[in-house]
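Taken from Swiss-Prot as is:
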REGION    62-264  region 'Thymine dioxygenase'
BINDING   His189, Asp191, His239  Fe cation binding site
BINDING   Arg255  2-oxoglutarate binding site
REGION    364-383  region 'Disordered'
REGION    392-561  region 'DNA-binding JBP1 domain'
COMPBIAS  539-557  compositional bias 'Basic and acidic residues'
REGION    539-568  region 'Disordered'
Amino acid sequence: MEPDSKKVKLDIFNFPTTRETRTPEEVAESYAEAVKSHPFYDNVHSVVDFYDSGTIKDGRGQIIGVVLREALPKYAASMASELLTSAAVRTSLRSMMFGGEPPLSGIAGYFDYRGSPVELKSRKTSFTYEHEAAWPAVFPVVDYVSEIYRHVAPERWKAQNDAIPDLVRIHGTPFSTLTINSRFRTASHTDVGDFDAGYSCIACLDGQFKGLALSFDDFGINVLLQPRDVMIFDSHHFHSNTEVELSFSGEDWKRLTCVFYYRAALGEPASYAEYQRRLEKSKTDTRFTPVVHHVRVKENGTSVNRPSPVYPISQSPFWVPMVAHCLQHCASAAQCVHEAMTADGSRLAEMMFGESLSTSDGIPLRGEDEKVKANGDSTPRPLSRLGGFSETNLMVSTAVEKKKYLDSEFLLHCISAQLLDMWKQARARWLELVGKEWAHMLALNPERKDFLWKNQSEMNSAFFDLCEVGKQVMLGLLGKEVALPKEEQAFWIMYAVHLSAACAEELHMPEVAMSLRKLNVKLKDFNFGGTRYFKDMPPEEKKRRMERKQRIEEARRHGMPSGSHEKRANWLTNDSFDYQTEDCVIDYAQHKWVLPALHAKEVTKTVRTGELPTTERVVRVLVVIPDPQSKLENVDCKLEVPDMVGSSSEWERLMSSPAVHRVLSAAQRNLQLPDSVTHGNVQTHFAFHSTLPTDIYDFVVLQHVLSRIPDDAQASAYIRRAAALCSGCLFVVETDVQCRQYYTLKYSIRCSYDTVAPLFFQQLHRVCYGTKTARVRTKGELESLIPTVCCARYKLQGSPLNTTVHVVSPFPSCEVQNLSSALCDRA
């Protein structure tokens with residue numbers, strides 16, 4: 001009995017109308033798989049949060065990165081941000097760096113498309129092609145970043161500038177490509193494909209956010225980037241972003257960054273061959289006049305795409321002045337203290353900060369079940385039309401019931417005989433090639449269960465050819481030229497289930513071998529660049545499809561407000577020699593904009609990249625400790641807390657640390673003033689906080705003094721008073737009442753922690769310093785007290801008091817710049 005074709009067509013596309021997202025179990029599985037290869041690093045995993053401009057080097061003196069604050073003019077950042085915001089779109093291509101979820105990311109400029117299903121390689125990105133008229137808006141920011149790069153690392157800049165093909169430069173700079181990220185917390189990765197002999201540059205173009213520091217994972221260093229900040233760095237070191245610091249669930253935030261780099265594959269022989277092919281083709285096209293008339297081949301060096309070697313850094317709070325540009329006046333003196341503090345067996349840190357730099361048995365870290373997902377801001381979204389299909393259990397189970405509709409006996413009554421014949425032939429050809437490859441795999445390993453999909457194989461080409469026919473089958477079933485998103489979803493999942501079942505039933509492959517996930521990935525490839533296989537089709541089919549494509553495009557144009565979709569279709573098949581057609585001259589004088597070279601000279605004038613000079617003079621450090629309000633002996637913390645607090649799981653967790661119990665059983669630290677101590681050429685002096693001396697020291701350390709001053713205005717005034725006693729910088733040592741993982745915690749756990757933490761740390765301060773009611777502050781509260789420039793925050797690892805050290809310049813920012821400039825002039 002013949003099936004009713006109308007009912008069949010209706011039933012084929014009658015899929016569940018529930019939101020097309022994955023189940024929680026599927027999301028969790030995807031997340032776990034992603035973080036195996038690309039883990040997230042939270043703030044707790046680092047030692048230093050670096051806030052100011054500085055030059056960061058590894059243990060052998062090689063530059064990791066140079067960061068410059070507010071180095072971009074406002075107009076340049078604003079112009080680029082306005083254009084590039086739309087370049088960051090949901091993409092599954094970088095989902096492994098976002099816990100298995102598609103982040104907001106995109107590329108602009110030129111790209112090689114090596115390993116991509118896009119056939120036409122080494123050319124403009126679709127974004128630049130589609131926004132060619134507006135593209136010059138990025139030229140100022142690209143010019144400024146390039147000049148900053150040239151001033152900071154001239155040898156690297158020159159190597160990159162000499163290697164990059166002129167055809168793919170962005171506005172004459174050594175950058176070929178931009179990567180734009182929006183609200184994207186990246187997991188640990190290196191930038192594979194960047195030019196080995198150069199550096200990459202990153203700029204924050206826009207945003208309102210806290211946290212999301214650029215973390216150099218192997219060094220424990222976080223660099224806080226805010227709008228208009230620029231960093232030149234070795235992108236072959238593993239790097240990531242720390243958590244966003246949200247005060248409450250649903251807090252609004254935004255962050256737009258741009259990475260500037262040279263994609264090394266654009267200078268390889270295959271790319272030059274593509275450039276030359278396009279150039280020769282353009283000579284026969286009288287309708288198009290190229291901007292560039294020859295291809296100059298350049299030496300590209302060797303890019304091995306391996307992570308840079310890691311030479312660890314010995315860190316202490318005194319490492320910060322060795323790095324910060326605004327503290328270079330005291331860098332050599334700080335180096336003396338740093339070396340003495342990090343020497344084997346040194347107890348200098350305990351003398352200055354009240355505890356060692358690292359404690360192995362401090363307050364325990366949280367379990368993953370207490371934390372929000374690192375990509376938790378990525379709310380579930382419908383799949384993109386450029387994707388494959390939803391893999392939810394409901395969608396899959398429905399598709400299993402409907403896969404029969406792609407059998408020939410059903411299609412016979414629903415589509416043309418010609419299209420059915422094409423379907424049968426393409427399907428048979430693909431299954432034949434899959435069978436051959438599977439037989440070869442079994443010959444090598446009879447126990448094999450998984451099918452290895454080779455992207456460059458004949459089987460892969462046959463799959464895309466089958467997809468082209470399948471797309472026409474879908475349109476034939478619908479009886480229209482354009483499918484709705486939900487119709488595409490329904491068809492492609494049914495298509496994948498049908499093919500997976502065919503592999504199992506006809507080729508006797510294990511069900512897991514040709515999995516739905518594997519087919520979904522390849523369908524995403526097809527929907528992004530399936531036109532690459534058009535050239536392999538028979539001439540009569542090419543003609544029929546071209547006519548059909550023309551009708552579809554015409555229908556799209558009539559129904560859309562802009563030509564963006566037409567542009568995209570044109571980009572996929574664009575084979576012209578259109579390099580540098582987007583370029584133009586920027587008249588900086590007419591706009592009254594500062595020239596990039598002059599601007600770079602100004603913003604980099606305090607940059608120090610050479611070796612630090614040594615000093616033999618005596619370095620004097622003043623350590624200020626709280627006055628002993630009273631002598632407290634044998635304090636039992638449990639007697640000091642209400643029963644409800646003392647019995648809470650949070651209190652028990654904090655009290656579980658052996659280091660905490662050592663603090664509780666130790667003698668009070670400030671019962672008497674210690675004598676001055678000399679370590680080499682480092683002299684350490686001590687004073688109570690109420691009787692500051694009048695002498696000037698190289699460095700002043702305030703050891704838990706502010707916890708004795710509850711009034712914020714008075715505490716800020718005290719910092720200013722102490723800063724006046726040092727010629728180098730000030731170290732503010734205080735308890736951070738928020739735990740190091742605070743912004744990664746679930747909000748219910750945060751609330752439980754907030755209830756007990758102040759009382760817990762007050763107990764420790766009573767024992768350590770005799771402070772009856774310590775004023776313990778959050779990181780934000782502490783930093784708001786600083787009246788000058790806070791250069792960095794150093795975190796004593798495993799500290800039972802959760803101690804942090806803020807490194808503070810004694811001078812306001814304008815005085816810092818003048819002092820640094822004077823030092824550079826003398827140098």
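Even glycines carry a Cβ here, placed using N, Cα and C.
Here the binding-site residues are His189, His239, Arg255; the one with the fewest Cβ atoms within 10 Å of its Cβ is His189. A distance of 17 Å separates the Cα atom of Arg255 (2-oxoglutarate binding site) from that of His239 (Fe cation binding site). Within 10 Å of the C-beta of Asp191 (Fe cation binding site) there are 19 other C-beta atoms, taking all protein chains into account. In the predicted model, the region 'DNA-binding JBP1 domain' (392-561) shows an average pLDDT of 78.
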